[in-house]
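Chemist: Can you keep this structure in mind? I'll have questions shortly.
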Amino acid sequence: MARYVERKKSWWLTCCSCCSRGEDVEDYVRGPGGTGGRPSDRPTDGSYSPGGEYGPGGEYTPGGERIPGGNRATGGGTIGENHEGANGTSEPGSNGNLPPMPTGNLQVQSVDLLKSRGGENRRSHHTDEYECDELIVRRGQPFQICVTFQRPFNPKSDQVCVILQLGNSQPINVPFVSEFDVGGWGCQVAETSGQNILLWVNTSAQAAVGKYQLSVRSGAGTYNDSKLKVYILFNAWCRTDAVFMDNEPWRQEYVLNEIGRIYYGTEHQIGERSWNYGQFNEGVIDSVFYILDRGGISPASRGDPITVTRVISAMVNSMDDNGVVAGSWSGEYADGVNPVAWVGSVDILLKYHQTGTPVKYGQCWVFAAVTTTVLRCLGIPGRTITNFASAHDTDGNLTFDVYFDENMKPLEDKNSDSVWNYHCWNDCWMTRPDLPAGYSGWQAIDATPQETSNGIYCCGPSPVLAIKNGLVNIKYDTPFIFAEVNSDKVFYQRTSNGKFKKVHVEERAVGHCISTKAVGSNAREDITYLYKHPEGSAEERKAVQTAAEYGGKSLAEVDAEDTGDISLTVESQDGVSMGSDINVRITLRNGSGSRRTVSLSMAVAVMYYNGVCKESFKNEECSVLLNPGEAKSVGMKVAYSEYRTQLVDQSAMMLTVSGIVKESGQKLAKQHTFRIRTPDLIIKVHGEACVGQQIVAEIIFQNPLQTTLHNGCFHVEGPGLQRPKVVQVGDVGPLKTISITERFTPRRCGRRQLMASFESNEMSLVHGVTDIDVQE
Ligand SMILES: [Ca+2]
Ligand SMILES: [Ca+2]
Ligand SMILES: [Ca+2]
């Protein structure tokens, strides 16, 4: 008995304001034979059947009992007004001693959202992987709920109405419909069984995404319970959803895959690492909704992926809005986490949700990877992409500009444009009803704070096709992304009157090997063709020309000086391991029929991956004499002892070669970047992995250097396996091997990946990953 008293009490306390006066509700006498009403009594064959395929023996009689327009009872008054309180018979306390009311106004006793992770609702909505016990559904697709009343439901005379409300926005009264309108709000009775009814509830394919409160109105009033939460997400499986993606393997990858590969390095030495997006990890979905709240998106805009992704690109960086990740390129990360040490997004998102303050620190791949997590968690197909030799056009003229003095020495204070060795951003998939036809599909968004758009640090969505064709008038922020992938590199020399003249244009310097993880495998997929026409093609020149015209600057004005008869190429060894010397070779070719003398300057500087160089630490000059038609190479060695104290985060260096040909006055200029390779971690798993059973993994690192690495630590995590964890190991001696042993208990079955990284004061960017097959 006490159980029912308790339930009745909570029922009234959360009911509509007219009833919830806070008085205790005493007795609540269960009726004779009242064993029904438990959710377990519901039919179990409730397969996904939009359009009203009712279960066997369904008493549902189409026709009479639907509620046209949603919330209006046919009897005249609204259902909400028709509760018994109006007659004084169900005032709290007033009916306590009455017997049950088999014929009274229909009163909801309980609502079961059928939300279990392995249940039909969550499996058919592809939400069963979320480590969250709420009902999570994708919009535009029906789900079932079971409603239990105090007496049998009479389809001929009873009405019920499902109400969904997002925050304080206008509640949605889900109308009863005879057939589900594809992608429209609607409700149908699937089955009745004694006091239970099984309802199909269909949400609009334009519904705002978020945490809704569900309530049910019946003849006796509205049943509210704060526990009745429904999380509604975007739906790539629904044809009428703006993020619909008509390809199951793509959806598996771009919505459901929790693990990604992120590419970095240089176009010649592409590195790759695994990343735990972890969009299904416990707490992540709430963090993501928190981000939307912090981003201040109105409920009306929360259904629009254009607005939502633009706000995500703003909120993932901390600029303007105290968003998720604080960027730093300083090399000093002591008061946070070194950007290269993160192994996944989960830690970052959970920390942000807990503290409400930006998490330190990130660089482009961290911003992009967290963005992918947010996109996939919300159900928007998304991927992380890497562009090599990515220009950052700081003055909006759509060219990457490099300035030299009269002697062809770089003018670092004037060179504000830069080329990042690589830069990461995101593609996300949606229709673009706001643009002329043809721009639906992949859209680029970039969450790394680089340049403001309408006054805030956000970027995109910009249709990838518009970027490809140089249509920089197509919103949003297409000029910026166009410049990243296809700006011309223009070299200027200061003349004696202090003005600059163009001395060289490289049309192919920017935007190479645009990469993303392939669908269904760990291979690298080259998607450069989506972002630009082939270098050297007429279409590519047309795109650059088009962009320049929209940018108000015709390339016709840009006449490079005659390129001359001496050519210059630079090669460096591929993938030199940390600790080894590096050999660079500069080759000059004389294409003329005369002798040529070239004065050459070479400068090597350590660079941050964003293209910003430290002051050069090695400079050489020489003079090269070339006979007609002759080619000559000049070698340059950069010893480990020279670079070891110089290196910053990503172990990259830039060689700038410039020169003047004595006889012709021709200017030569070339910038070449190269990268030092760091070692990999080895991960060994001991024993068979089963859900709920502890297993052991050994993670091994060998110091390749003759020097001690200080303040070493490992980051370890894997979705469904191991929550993010940091293990401090202190100093690692010269050439020493260390290992750590991690014990963890897999939470989910299937193929999982365990990832680890190692960082120290002297060396970071050390990663490892291994597959683990987890049995049920
Ligand atoms: Ca921001
Ligand atoms: Ca520029
Ligand atoms: Ca180009």
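Yeah, the Cβs are placed from backbone N, Cα and C, and that goes for glycine too.
So TrEMBL has the following annotated:
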REGION    26-105  region 'Disordered'
COMPBIAS  52-61  compositional bias 'Gly residues'
COMPBIAS  62-71  compositional bias 'Low complexity'
COMPBIAS  87-97  compositional bias 'Polar residues'
DOMAIN    356-449  domain 'Transglutaminase-like'
BINDING   Asn486, Asp488, Glu535, Glu540  Ca(2+) binding site
Chemist: Which of Glu535, Glu540 (the binding-site residues) has the most other Cβ atoms within 10 Å?
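Modeler: That would be Glu540, with the most Cβ atoms nearby.
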Chemist: Give me the DSSP three-state residue breakdown of the domain 'Transglutaminase-like' (356-449), ordered helix, strand, coil.
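Modeler: Reading the DSSP string over the domain 'Transglutaminase-like' (356-449) gives 15 helix, 40 strand, 39 coil.
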Chemist: Can you tell me how many other Cβ atoms are located within 10 Å of the Cβ belonging to Asp488 (Ca(2+) binding site)?
Modeler: 23
Chemist: Please state whether DSSP places Glu535 (Ca(2+) binding site) in a helix, a strand or coil.
Modeler: coil
Chemist: Excluding Asn486, Asp488, Glu535, Glu540 themselves, which residues in that chain have a Cβ inside 8 Å of the centre of the Cβ atoms defining the Ca(2+) site?
Modeler: Ser487, Glu507, Arg508, Val510, Gly511, Lys532, His533, Arg541, Ala543, Val544
Chemist: Write out the long-range same-chain contacts of Asn486 (Ca(2+) binding site), meaning residues 6 or more apart in sequence whose Cβ is under 8 Å from its Cβ.
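Modeler: Residues satisfying the criterion: Ile467, Gly470, Val510, Gly511, Tyr531, Lys532, Glu540, Ala543, Val544, Ala547.
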Chemist: What kind of secondary structure is Asp488 (Ca(2+) binding site) part of, going by DSSP in three states?
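Modeler: Once the DSSP labels are grouped into three classes, Asp488 (Ca(2+) binding site) ends up as strand.
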